[in-house]
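Colleague: This is the structure I want to talk about, given as structure tokens.
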Amino acid sequence: MRLILLGPPGAGKGTQAQRIVEKHGIPQLSTGDMLRAAVGVGTEVGKRAKAVMDAGKLVSDEIVIAIVSERIDQPDCANGFILDGFPRTLVQADATEAMLKAKGLDLSVVIEFRVDDQELVRRVDGRYTCAQCGTVYHDTDKVPVEEGVCDKCGSTHFKRRPDDNAETMIKRLEVYYKETSPLIGYYYAKGKLRSVDGMAEIDQVTTEVESILSKL
């Protein structure tokens, strides 16, 4: 089960990815986490990435693909994985497909989360997470059962991302529609795209996602 979750920031991809991980036991692969791990461990590609970052430059698609490739080769990905926040562009999508093909692998499905812009801005403007386990909360939509205590791990420490505000969100959406939304047509043309209503309640979205996964 090799998945890509596609949709604008705030569409609920992270929440649904967590649920897929818990139910199906496949890892959620974030390029940021993979990059930090590769640099920390000091793999060959990690050293290349560190040299680029130390020079204050952006890590190239080539290096990111190499890091994703390296991560997919690890044993916990044998039964599948979820790509989180990647690919972001058509160039990255082509490179990802070529990388998987070289391993004799293929994507199982790409799930698109559809949410209108006004709702996305509202969601992100009130979002915060548990600093310990990363569980996502919202000022009005999802607060901890016990005030100030994470439902999942019991931590009392929470954090808000500096860019989780309306002004920044509007800019992020502009980038998404320019660079990432073309992937919807790309994967539709390949017969890989399935869409869910990201405006629905979280549990209903999960039901839709599981319905898609059950047909794989």
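Including glycine, each Cβ sits where the backbone N, Cα and C put it.
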Colleague: Among the residue ranges 30-59, 90-119, I'd like the one that Swiss-Prot describes as region 'NMP'.
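Modeller: From Swiss-Prot, the annotated region 'NMP' range turns out to be 30-59.
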Colleague: Can you give me the residues near the recorded Zn(2+) site, meaning same chain, not Cys130, Cys133, Cys150, Cys153 themselves, Cβ no more than 8 Å from the center of the site's Cβ atoms?
Modeller: Ala131, Gln132, Gly134, Thr135, Asp151, Lys152, Gly154, Ser155
Colleague: According to DSSP, does Arg127 (ATP binding site) sit in a helix, a strand, or coil?
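Modeller: Looking at the DSSP assignment, Arg127 (ATP binding site) belongs to a strand.
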Colleague: Given the binding-site residues Thr31, Val59, Arg88, Cys150, Arg160, find the one whose Cα is closest in space to the Cα of Arg127 (ATP binding site).
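Modeller: Nearest listed residue in space: Arg160.
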Colleague: Going by C-alpha positions, which of the binding-site residues (Gly10, Val59, Phe86) is nearest Cys150 (Zn(2+) binding site)?
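Modeller: Closest candidate to Cys150 (Zn(2+) binding site), judged by Cα separation, is Gly10.
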Colleague: Quick one: which of these binding-site residues, Gly10, Gly12, Gly14, Cys130, Cys133, Cys153, have their CA within 10 A of Arg160 (AMP binding site)?
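Modeller: The binding-site residues close to Arg160 (AMP binding site) (Cα within 10 Å), listed in sequence order, are Cys130.
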